[in-house]
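Structure first, commentary second.
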Amino acid sequence: MRILIANDDGLDALGIQTLAKYLQREYAILVVAPDRNRSGASNSLTLSRPIQPVKVVEGQYRVDGTPTDCVNLALSGVIDGDVDLVVSGINHGANLGDDVIYSGTVAAAMEARHLGRPALAVSLVGNLHFDTAAKVIMQLLKDSHTLELPAGILLNINVPDVPYSELKGIQVTRLGYRHKAQAPISAQHPKGIPSFWIGALSEPHDVSEGTDFCAVSKGYVSITPIHTDMTCYEARSPLTKWTDTITL
């Protein structure tokens with residue numbers, strides 16, 4: 001099996017390089033990642049200019065674009081052949097709950113599903129035990145032949161930032177959600193132009209049993225199956241009753 005590895009923290013990030021180190025022991029790998037940190041890029045594509053993949057070492061390329069650009073180029077065959085699976089990560093920090101809306105890590109996996117490849121997004125809930133997350137992925141791939149998922153599903157995996165021996169196990173979860181983000185922070189500009197940093201993520205709000213937040217807080221690896229169908233099916237019936245009363 002040949003695996004494409006991507007991320008949003010950039011090619012030089014410890015997370016992606018740790019993942020590559022582990023996966024190449026058992027699999028053929030191709031690493032294609034942004035040339036700098038592109039956290040929060042979500043599913044954006046670079047459409048305003050051409051993008052350039054640059055070979056850094058054998059099997060590793062950096063791209064002056066977004067995580068989605070990287071996967072799009074790799075799976076379109078313009079970089080070094082085809083792959084069987086895409087693993088995005090290891091992200092530096094959690095992608096829990098509604099983090100997935102903004103996450104370039106999750107977006108890279110989502111692009112892979114758009115292009116017909118199975119995909120995993122993996123994040124470490126911290127910045128220390130990347131080996132733990134890599135070992136989890138190795139174990140999941142070892143047993144992946146027994147997994148059957150519907151088309152269009154990707155797995156969002158969050159790993160507690162603890163030594164591997166301290167993991168409690170694995171839980172299949174749903175996405176929780178956070179309180180609204182903190183307010184933008186004013187920044188000093190040398191020319192006096194109003195400038196702001198985007199506010200930090202807020203604290204978790206829905207951390208009830210069964211959520212990804214709850215699982216990782218108890219020391220479990222969280223695996224949430226997600227897809228791109230954002231339809232709220234429960235709202236269709238009342239919405240239809242309302243629109244049926246409207247004449248155009």
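Each Cβ is built from the backbone N, Cα and C atoms, and glycine gets one as well.
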Let me know which member of Asn72, Asn91 Swiss-Prot also records as binding divalent metal cation at the site of Asp8, Asp9, Ser39.
Asn91
Comparing the binding-site residues Asp8, Asp9, which residue's C-beta has the most other C-beta atoms within 10 angstroms in this structure?
Asp8
Greatest C-beta neighbour count within 10 angstroms, which of the binding-site residues Ser39, Asn91:
Asn91
Can you tell me whether DSSP puts Asn91 (divalent metal cation binding site) in helix, strand or coil?
strand
